[in-house]
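To start, the structure itself, in structure tokens.
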Amino acid sequence: MDPNTVSSFQVDCFLWHVRKQVADQELGDAPFLDRLRRDQKSLRRRGSTLGLNIETATRVGKQIVERILKEESDEALKMTMASAPASRYLTDMTIEEMSRDWFMLMPKQKVAGPLCIRMDQAIMDKNIILKANFSVIFDRLETLILLRAFTEEGAIVGEISPLPSLPGHTNEDVKNAIGVLIGGLEWNDNTVRVSKTLQRFAWRSSNENGRPPLTPKQKRKMARTIRSKVRRNKMAD
């Protein structure tokens, strides 16, 4: 096993422990608490995959961090903080909307790069909006925390989430995953639009309805549908 993989996990465990102490003292805001819950699940999966005990890893991670802080000068810390670009955390969803469990009558799941796409194929003829919580840097989506598809009644019918086993994704990864989710939902005659926040930062080529432009495949499908309807109308006449 790569020693850097182990040490990274150990440090992540200790830093999560520190953040948990902050949350326990009620010093964390909603995005902070949201990331804390999601990172806990991710650490459990990583620990299981690596075969490492989280409690032991946390103690070793503490030793690594303490050694680094002991060697780090205040001036170097100031320079590091000053040179790091600041990211913003944007929220379309409340904590309740993000943490709510949901169920699918006809589940479909697809992995697109480092992202997992899930949708309920039983949903038909609904107006659906995509909402997401994510961070932005340099006016571009940096990290997707979670994206969910909601009906007008508030039911969750789809989701895009990062795969813990494949950390890191690009703005293009997110755009492609959104296209897959929209295509899957529209297959059952649902009308899908995205939130204004997503429309602004996830892609720049959406139309005024919050819809991404049709892909060539979607255009061909629409053309076939129109031709089929025209033929049926002629036969009826």
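Cβ atoms are placed via backbone N, Cα and C, with glycine included.
Here Swiss-Prot flags 1-73 as region 'RNA-binding and homodimerization', drawing on sequence analysis. Note on the region 'RNA-binding and homodimerization' (1-73): its mean pLDDT in the predicted model is 88.
The motif 'Nuclear localization signal' feature in Swiss-Prot is assigned to 34-38; the stated evidence is sequence analysis. Long-range contacts of the motif 'Nuclear localization signal' (34-38) within the same chain: residues 16, 19-20, 23, 28, 95, 98-99, 133, 145-146, each at least 6 residues beyond the stretch ends and with a Cβ under 8 Å from a Cβ of the stretch.
Positions annotated as motif 'Nuclear export signal' by Swiss-Prot, on the basis of sequence analysis: 137-146. For the motif 'Nuclear export signal' (137-146), residue counts in helix, strand and coil come to 0 helix, 8 strand, 2 coil, using DSSP.
As annotated by Swiss-Prot, region 'CPSF4-binding' applies to 180-215, with the evidence given as sequence analysis.
As annotated by Swiss-Prot, region 'Disordered' applies to 205-237.
Summarising the annotation, Swiss-Prot assigns compositional bias 'Basic residues' to 217-237.
Under the heading region 'PABPN1-binding', Swiss-Prot lists 223-230.
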The answer for the motif 'Nuclear export signal' (137-146), taking Cβ pairs under 8 Å and residues 6+ beyond its ends, is 34-35, 38, 85-88, 93, 98, 115, 159-162, 169, 171, 174, 201-202
For the region 'RNA-binding and homodimerization' (1-73), residues assigned helix / strand / coil by DSSP: 61 helix, 0 strand, 12 coil
